[in-house]
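A short worksheet on the structure shown next.
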Amino acid sequence: MKQKTIHALLAATILAAASAACNVNTDKIKEAVGDEVKTALADYAEKAIDKLVAENQPDDTADAVEAAEGIEVPAPLTDRKEQILHRTAYTASYNSDTKLPNWVAWHLTANHTSGPYKRGGIDFAEDEEVDEPRATDNDYYRSGYDRGHMCPSADNKWSEAAQRESFLFTNICPQSHGLNAGDWNEIEQQCRRWADELGSVYIVSGPILYKGRHKTIGKNKVVVPEAFFKVVLCTEGAPKAIGFIYKNQPGNRPKGDYVNSVDEVERITGIDFFPALPDDIETKVEASANLADWM
């Protein structure tokens, strides 16, 4: 139950108690003035508050999810470099060794899937909040890779600041053009449709680096990921989650071919997703994934 509702009920309770007290014989009130009446009212109100709070604790589903803050933000990383960057629309975990984000997380609502601030005229930009050496536009020049958004430009048309920040290189990875313009773009569009249809979704996206040596591009040695992940959580109604893994290569396959459980994406990436969820809900929604539940 919302806090305003509790306050309203509390006010009604106290008024009822006060009204009852006023109906008592006036002479007796005068004799018992102040302390006893005040004590009785205080005790009554305290018990009412305790009862309301107990009855309206978040349950293990929707209210519990609503009570969690920063649901989209993964747990801190201890096995790699991490600098947390807070932006208007997203939070990013930046890795100074790879010159890539470890992950980018955001809450996409139906209100954020459209707007007047499009990408036209916006240049990709160095993120001056991270130390040099860092990714620059020159690193991507003639590299054979696109500058692939993790949090898409099209998710940020609702805010001029958010749109510009989506072009910071701490939100970008070297991505095969065939993937960037193909199946990756398709899942980005699908996430916006889900936000429209369901009200909102929580998304985390980023690169996958398998063990071993990695190809790099540019003077600043920006690492080229072998694959990319995206995990999506919906808390509207019964909570559900789904994961996707895309190799960094062209493809034209059904979305279902890329589906993985969030647990499997966690195993591959070493990232703990949605740790702010109550444990029982996190365990349930991350264990399996069925695209049919989302379509």
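Glycine too: its Cβ is placed from the backbone N, Cα and C atoms.
According to TrEMBL, the signal peptide annotation covers 1-20.
Sequence annotations record features per position, and here TrEMBL assigns domain 'DNA/RNA non-specific endonuclease/pyrophosphatase/phosphodiesterase' to 86-280.
Marked as domain 'ENPP1-3/EXOG-like endonuclease/phosphodiesterase' by TrEMBL: 87-280.
Applying an 8 A CB threshold to same-chain residues 6+ apart, the list for H149 (active site, proton acceptor) reads S166, N171, I172. Following the DSSP three-state reduction, the secondary structure of H149 (active site, proton acceptor) is strand. Among the features that TrEMBL reports, active site, proton acceptor is placed at H149.
The Mg(2+) binding site annotation in TrEMBL covers N180. All protein chains included, N180 (Mg(2+) binding site) registers 21 other Cβ atoms within 10 Å of its own Cβ.
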